[in-house]
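Inspection log for the structure reproduced underneath, given as structure tokens.
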């Protein structure tokens, strides 16, 4: 065999790539002639996106030994441990912060705001990560995380705390998304669930540590410093993962393929900053994102503000944003369907059940959680007489169960190669959990039932939540993986925002009247409503005032759980609509051009159900 010199091989490869690109361009132009200008508009940043994805695949191949993979997973574990512990106790600190502002009922208002902002930021982070790379967006997210943490820690009113929470949550969801994408980039479909479950593992530790941390930190007086210290703890915990990504880039630097990719120019290099910004404006659908955020936010936030000690539905500050929201939503629909060049939720991707079914499930997962557990910490402390540490542990117990089961489930899935059966079984467990939450809502004997509910919830989360994420990734290509993953988390947080609004509306509209009814004293009811965690210090368990407070909480929590139970039904029905492709050793599905979803795989469970129905109908 005659060996071709290295330079000649490189030039031949480049020539072949050039010919291939020319042929693909001719095919694209031919197809574009038969398509409408808007529907088949060429994504001018597609070349840059493809370049980043090809680089990530080459980098992933360099971590091909079990030692390097173990180091990478451990680095991801350290990062997720840091933000997992922080987020598990920061929710508790928010309760104490609102209590210090005498605005405890506004927890749901802050939750709606941050969930909506963080939801749409997922789409932006997903789009930008394919253009600028995972590591760059990871670093940007860390900066936002730090800025938000500092603002929150120094806030002395609800408005400033909410502003800090927006920066913090945008940074948090950015970090979470980039970690998931890094793990996905470095795993085959068969091992995807195992890698995706890595962020849940820290809960094995944080569930038990978080309660002790909260108790030792004395958040009633020191919540500000307790938040501030994470501005330097979290970045330090991210260093190992950053070093792993840099090490991958260093190992791949001498590869011929990598050098060829380095020679390729991005859209920014060929067209300049101005054209790049214009394309990003359309690519990220900035107008659509703003219309969606403003419209839905204006509808949801007033729901959490209209109630309380006195009703505010006649106040123009409540009615104005509420009406504006309903005006903006049709504007958003018109923009996305008629004017947006690149809709942030592409219809071609959403129209297949392999995508819309998992997205629907993710909406209901966060919706049900926020409805049933949005005020659970306060319920445990006030109505069940739990300490701060035990209440924190109980809230995080479901994460602990998920983390314990996760490694075993991940390994089992690598052998079974399908996910749908786990998703269906996990979805059915939600009914048991909500039933327990309905039965055990108050009283010192309720803690056992709530703990049992959280344990079952954790098991269902492991079998249901994470396989659903992998399911939507497994039906599309690597190029669309970031898009569907970002959409997944976006819809997830929108579900939480909607639930927080409904939960807050129920809480603010119902709690004060019930407190007034059971206590019979307006001053006592107002104090108990505004700062319950301070109020119970002077009204210990067993006193008539505390008993009246418990009855009021029990009554309101009943409606919260009923709504969660009702919406568990459509969530379960959607499990039968997800696709069930085989999980292979590939990074993602290999699809022909202009195909977004793998539709040719069989679906054993749906096929079996269809045969049973056909057989039953035949007999009748």
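Cβ atoms here come from the backbone N, Cα and C positions, even for glycine.
Taken from Swiss-Prot, the feature compositional bias 'Basic and acidic residues' applies to 16-42.
Annotation comment: Swiss-Prot describes 1-42 as region 'Disordered'.
Sequence annotations record features per position, and here Swiss-Prot assigns transmembrane segment to 71-93 (among others) based on sequence analysis.
Residues or ranges marked as transmembrane segment by Swiss-Prot on the basis of sequence analysis: 106-128 (among others).
Positions annotated as transmembrane segment by Swiss-Prot: 135-152 (among others).
Marked as transmembrane segment by Swiss-Prot on the basis of sequence analysis: 162-184 (among others).
The transmembrane segment annotation in Swiss-Prot covers 191-213 (among others). Away from its own ends, the transmembrane segment (191-213) comes close to residues 73, 76-77, 80-81, 84-85, 88-89, 92, 176, 179-180, 183-184, 388-393, 396-397, 399-400, 402-404, 406-407, 409-411, 413-414, 419, 462, 466-467, 469-470, 473-474, 583 of its chain (Cβ-Cβ under 8 Å, at least six residues beyond either end).
Swiss-Prot lists 223-245 (among others) with the feature transmembrane segment. Within the chain, the transmembrane segment (223-245) has long-range Cβ neighbours (under 8 A, six or more residues past its boundaries) at 59, 63, 71-72, 74-76, 78-79, 81-83, 86, 89-90, 93, 96-97, 100, 134-135, 138-139, 142, 145-146, 149-150, 152-154, 175, 179, 182, 217.
Annotation comment: Swiss-Prot describes 286-308 (among others) as transmembrane segment, evidence class sequence analysis.
For the transmembrane segment (318-335), same-chain residues at least 6 beyond its ends with a Cβ under 8 Å from one of its own Cβ atoms are 287-288, 291-292, 294-302, 305-306, 312. Residues or ranges marked as transmembrane segment in Swiss-Prot (evidence: sequence analysis): 318-335 (among others).
Marked as transmembrane segment by Swiss-Prot: 355-377 (among others). Residues 91-92, 95, 107-108, 111, 349, 391-392, 395, 423, 427, 430, 433-434, 437, 450, 464-465, 468-469, 471-472, 475-476, 484, 487-489, 491-496, 498-500, 502-504, 507, 557, 560-561, 563-564, 567-568, 570-571, 574-575, 577-579, 596-597 of the same chain lie 6+ residues outside the transmembrane segment (355-377) yet bring a C-beta within less than 8 angstroms of a C-beta in it.
The feature transmembrane segment is assigned by Swiss-Prot to 392-414 (among others). Counting same-chain residues at least six beyond the ends of the transmembrane segment (392-414), those with a Cβ under 8 angstroms from any Cβ of the stretch are 84, 88-89, 91-92, 190-191, 193-195, 197, 200-204, 206-208, 210-211, 214, 373, 376-377, 380, 386, 422, 447, 450-451, 454-455, 457-459, 461-463, 465-467, 583.
Per Swiss-Prot, transmembrane segment is recorded for 421-438 (among others), and the stated evidence type is sequence analysis.
The transmembrane segment annotation in Swiss-Prot covers 491-513 (among others).
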Grab the same-chain neighbours of the transmembrane segment (491-513) for me: Cβ-Cβ under 8 Å, and only residues 6 or more beyond its ends, written as numbers and ranges.
105, 107-109, 111-112, 115-116, 118-119, 122, 173, 296, 299-301, 303-309, 311, 359-360, 362-371, 374-375, 525-526, 529, 552-553, 555-556, 559-560, 563
Looking at 106-128, 135-152, 162-184, 421-438, which one has the highest count of Cβ pairs under 8 angstroms to the transmembrane segment (71-93)?
162-184
Counting only residues 6+ away from its ends, which parts of the chain sit with a Cβ under 8 Å from the transmembrane segment (162-184)?
76, 79-80, 83, 87, 90, 94, 109-110, 113-115, 117-119, 121-122, 125-126, 129, 134-135, 137-138, 140-155, 192, 195-196, 198-199, 238, 241, 245, 469, 473, 481-482, 485-486, 489, 493
Below 8 angstroms Cβ to Cβ, which residues of this chain, lying six or more residues outside the transmembrane segment (106-128), approach it?
94-95, 98, 137, 141, 158, 161-162, 165-166, 168-170, 172-174, 177-178, 280, 283-285, 289, 292-293, 296-297, 300-301, 304-305, 344, 370, 374-375, 482-483, 485-487, 489-494, 496-497, 500-501, 503-505, 507-508
Distant-in-sequence neighbours of the transmembrane segment (135-152), which means Cβ under 8 A and at least six residues beyond its ends:
83, 97, 125, 128-129, 160-161, 163-175, 177-179, 182, 227-228, 230-231, 234-235, 238, 241-242, 245-246
State the non-local partners of the transmembrane segment (421-438) in its own chain: residues 6+ outside its ends, Cβ under 8 Å from one of its Cβ atoms.
361, 368, 372, 409, 413, 449-450, 452-454, 456-457, 459-465, 467-468, 471, 558, 561-562, 564-565, 568, 571-572, 575-576, 578, 605
